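In what follows, a single structure is set out as structure tokens and then discussed.
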Amino acid sequence: MASEKGVMLLDFWVSPFGQRARIALAEKGVQYEYKEENLTEKSELLLKANPVHKKIPVLIHDGKPVCESLIIVEYINEVWSDKAPLMPSDPYQKAQARFWADFVDKKVYDCGSRLWKLKGEEQQAAKKEMIEILQLLEAQLGDKKYFGGDSFGFVDVAFVPFTSWFYSYETCANFSVEGVAPKIAQWAKRCMERESVAKTLYDPKKVYEFVCFLKKKFGVE
Amino acid sequence: MVASAAVRLFGMWASPAVRRVEWALKLKGIEYEYIEEDLSNKSSSLLEFNPINKQVPVLVHNGNPIVESLVILEYIDETWKDNPILPVDPLERSKARFWATFVDVKCREESRKAFFMEGEEKEKAIENLQVQLKALDEELEGKKFFSGDHIGYTDLAVGWMAFWLGVGEEAAGFKANYDLKFPNFSRWMKDFLAEPVIKDNLPPREKTVEFFRSFKQLGSCTKVNQK
């Protein structure tokens, strides 16, 4: 990799993990070059920047790669520390933020994928699990404006990209996020009022089109 | 030194994730009260402090619970600033976190499969583990420890492999063959286990092998609730 000055993001348009990085960069007002990857034919640059996982997103800052979306968000927060802090300063609050971001990481994407990949009893089990996940997150959010309190923070960045997938989850598994976790639904709307989020997330119907494409590709239904 | 009552650690003697936290506490010279949990009969305190995952380790500091061993390590580093275990530079920090997540998610998954499964699935898991060990071996090129001249966050995160990989192999009868193929990693394992804080804080080997042997016979992947 050339040690070019500047910031580049290797990404895939609909990836919620990539969107975490995009939202963090936008919150911090960082200029960067976006490079769309073809995941069926990964670029030399991607394979060199992330030889271990060969996955997006990868942030390349002055020629040095940073991999894994939550690690990228922490990196962005630490480097561009003068604006829009995404982490609380108190170590205990930070630990809480890391726990919940990790919770989103481990639970939401996998369970969400099972909602559109599976049918019958297995899908019902995934639906039950997703409702539990959403309700746990709702309990954590409580009556706060954001997971970060008054300021948009680490957990908000970690979770908000998945809100554009809610429509797909609801349609595939026949339930309503607003019905099972109304505070989460309201939080999602509040987040969309932020420019960083509104400019990054795709229309839920467009995400659903992508899910339908994946379903066909995987021979589901 | 911090008064023991202020810091409490809920753990289980055979758990690598719990030892990871103890190594960090000892490196920093933090005094703490250790509470052994019977994971087949969890205490009401544990369930109160970690209602979501109901697992060990749980660090309770001034009554506040912190869970997930890697989250606990970062908390310890940020709260007790002597003998830092994470680097200061953001890029180095991102690399340290990268390798920690890699071993916790990927290596643990494959070593768990190699341990519990048989036949083709076991072979595939061992193969995958060797690819992962190769990456770790390359990362160690030119370095005594992952964190440099002294052990740090990454070493503490990878540390379970230095002891528990061998234990798992003996208990379940497989070999990842790291001594021959991965000289840097092999050397690191010896150096890591020789560090005083680590050497004096490992479970007894025979007892641990026995524990995992009967664990495997139970045939379940979820019995040791540790993170």
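A Cβ is built for glycine as well, from the same backbone N, Cα and C atoms used for every other residue.
TrEMBL labels come from automatic prediction, so no person has curated them.
Feature annotations, reproduced from TrEMBL:
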DOMAIN    B:5-84  domain 'GST N-terminal'
DOMAIN    B:89-218  domain 'GST C-terminal'
**Request:** Give the residue counts of the domain 'GST C-terminal' (B:89-218) per reduced DSSP state, in the order helix, strand, coil.
**Result:** 101 helix, 2 strand, 27 coil
**Request:** Restricting to the domain 'GST C-terminal' (B:89-218), report the mean pLDDT as a whole number.
**Result:** 94
**Complete:** For the domain 'GST N-terminal' (B:5-84), the DSSP residue counts stand at 31 helix, 18 strand, 31 coil
